[in-house]
Ligand SMILES: [Zn+2]
């Protein structure tokens, strides 16, 4: 399973970390033996896996489909409340001389939709760009091209979410400073959304339908506007996919 690539027992000493001696013991077989020798009856080891930063070899050996599978597995852990124990200091140390993220993610600024947490990813695993309404622009396209063509990421993931305030604002024709121009970039998704019910910002079912269309249109725009990414996808080196995060339930639904 791809995700197992990420899961490694961190057995090095953590000088920077304020580990209790108990936690250090738990991480090593030797520690378990020591516990056994001290005769702690009925002690059960929690099912703990420590997540390490991706190595170049681990990332390079993954296919785009395996990256998708690993992100899906991460979201399943998040939903089940069984996230990996991210030792951020160990991940920081492991990645300080180089980074080998498997994916670049474009998602909304919404405080309820932090991609790394929803996908149970740690330091060094994903490139992230966030803008209200997860629409691309020249600078984001350039960032994605860097991530895939130069830094070796295998997946471009555009992740919208339900109850998106930016989508809602676009439907309501909200106007405010620079926000007006940003919302204008979402508006084509409104017209392109087939919906028989009430097409208003107060109908969250419609708002979510537009959010879904908006993700699909961002994917189309990325392919159309970035010959670099389009070529990488045509060659099978990367995949460009969309997803919708459901605030209720926590599922990251990958779109076909
Ligand atoms: Zn949003």
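The backbone N, Cα and C atoms fix where each Cβ goes, and this holds for glycine too.
These figures come from a predicted structure and were not determined experimentally.
For residue 110 (Zn(2+) binding site), other Cβ atoms within 10 Å of its Cβ number 20. Under the three-state DSSP scheme, residue 110 (Zn(2+) binding site) falls in the coil class. Annotated Zn(2+) binding site per TrEMBL: 108, 110, 161, 164, in sequence order.
A sphere of 10 angstroms centred on the C-beta of residue 164 (Zn(2+) binding site) encloses 26 other C-beta atoms. Annotation note: residue 161 (Zn(2+) binding site) sits in a strand segment as assigned by DSSP. Around residue 161 (Zn(2+) binding site), taking its Cβ as the centre, 25 other Cβ atoms fall within 10 Å, counting all chains. Over all protein chains present, the Cβ of residue 108 (Zn(2+) binding site) has 24 other Cβ atoms lying within 10 Å.
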